[in-house]
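Worksheet: one structure, shown below.
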Amino acid sequence: MGTFKIYPGKLKGEVKTPPSKSMAHRGVICAALGDGISKIRNINYSDDIIATINAMRSLGAIITKEDEYLHVIGIKSEKCKKNIELNRTIDCNESGSTLRFLVPISCIFEGSSRFIGRGNLGKRPLDTYYEIFDNQGIKHSYKKGKLDLRIEGILKCGEFKLRGDISSQFISGMLFTLPLLEGDSKVIITTDLESKGYIDLTLSAMSDFGIEIINNNYREFIIKGNQTYKSRNYRIEGDYSQAAFFLVADALKSEVFINDLNLESLQGDKEVIEILERMNMKIKNIDNGLLGIQRENLGSTIIDGSQCPDIIPVISLAASLCNGRTEIINVGRLRIKECDRLSAVASELNKLGAHIIEKEDSLIIDGVKTLKGGVKVWSHKDHRIAMMLAIASTVCMEPIILEDYECISKSYPAFFDDFKALGGNFHEWNLGE
């Protein structure tokens, strides 16, 4: 367990946004399903992305890390056709995206697949897939509360009805898989679709690799079978969910300029810009992708987090220092992330002096003038909680003690390097200091 003592003080300087984790998952999968050689540039080797790389290796892709790119030989190439093992183990580590994307993909191959993982991953629901397996006679067994899932059987084309309000990862997993089946398929969304931005990223990546899918207003997706992922060179754009930490730092009087962001991005977490503007920030777009921030007193608002769940922890920090009451609604899904994020946000920010009321599907946040600090806080072993608390420390009256900071490696391994380069002041802390 690593512990940092982090001191107050504003951040100042320029930071390069780390590559998008969401796009990297999708780029690696599409390239690995391809028919030749792809080169993926600007990729961040976080724990989650390494899990997806290793998972696609387990399915037969040949993937090597070069100096400036990831070299991927797709499973449909002649070199890889006999590379897959009949009985394979796919280690997802703690990556929910890896698990939910790869479960249906694994069902296009003969033999059996065993999925294992760590942390909270065994608590992530997979009932959507179990229903499909039961309907198609695909054998599966699992241990409740622990990720040890075994699957044997071939997925067949057809019509699939999926809820849109559980996780878009199930929909993406099926969309990746169905074009490779022999016949045509249809995916019907039976409820309002949350996290549309993630579906847009999936469809965009698949289109970039030559796959065609008809999207009928996010209510149904028509997928032709017997398609081929066409290998290509691919660059991962900057990650808005990570840029959000420094945008909020700017809202709290830091002076950080964030570059390498695609201002036309399809990322759902780009909504951080619109949310902060509603909270009375002025955000300036610079030609090279920088976002310059001019700060004003923050105002309260109502935030629907259904389309951008990953930025809710750090947005909650900004709301804690707004004038008035902010309501963050439709965020019940955050309870089944790396931790119960609603509970973690409320408990840890309240320790610092915030005033947050946690409800089943929402957070009610009454703004305060200052955060006191001077206490020990815990990341809950969740990367987004750890980074949010680090940003919170910059405006506290006293230093904070942050426990379990290493979890940042899940998505942004260089976060504290960037934090330090911007003037962040912290050091390892030992009990009794």
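Just so you know, glycine gets a Cβ as well, placed from its N, Cα and C.
It should be emphasised that the depicted structure is a prediction, and the values quoted were computed from it without experimental measurement.
For the 3-phosphoshikimate site that Swiss-Prot gives as Lys21, Ser22, Arg26, Ser167, Ser168, Gln169, Ser195, Lys337, the extra residue drawn from Asp148, Asp184, Asp310, Asp361 is Asp310. Ranked by how many other Cβ atoms sit within 10 Å of their Cβ, the binding-site residues Lys21, Arg26, Arg124 place Arg124 at the bottom.
Listed in sequence order, the binding-site residues near Asp310 (active site, proton acceptor) (C-alpha within 10 Å of its C-alpha) are Arg384, out of Arg124, Ser168, Gln169, Arg384, Lys410.
Within 10 Å of Arg124 (phosphoenolpyruvate binding site), counting C-alpha to C-alpha distances, fall the following of the binding-site residues Arg26, Ser168, Lys337: Lys337. Across the residues annotated as binding 3-phosphoshikimate (Lys21, Ser22, Arg26, Ser167, Ser168, Gln169, Ser195, Asp310, Lys337), the two Cα atoms farthest apart lie 19 Å from each other.
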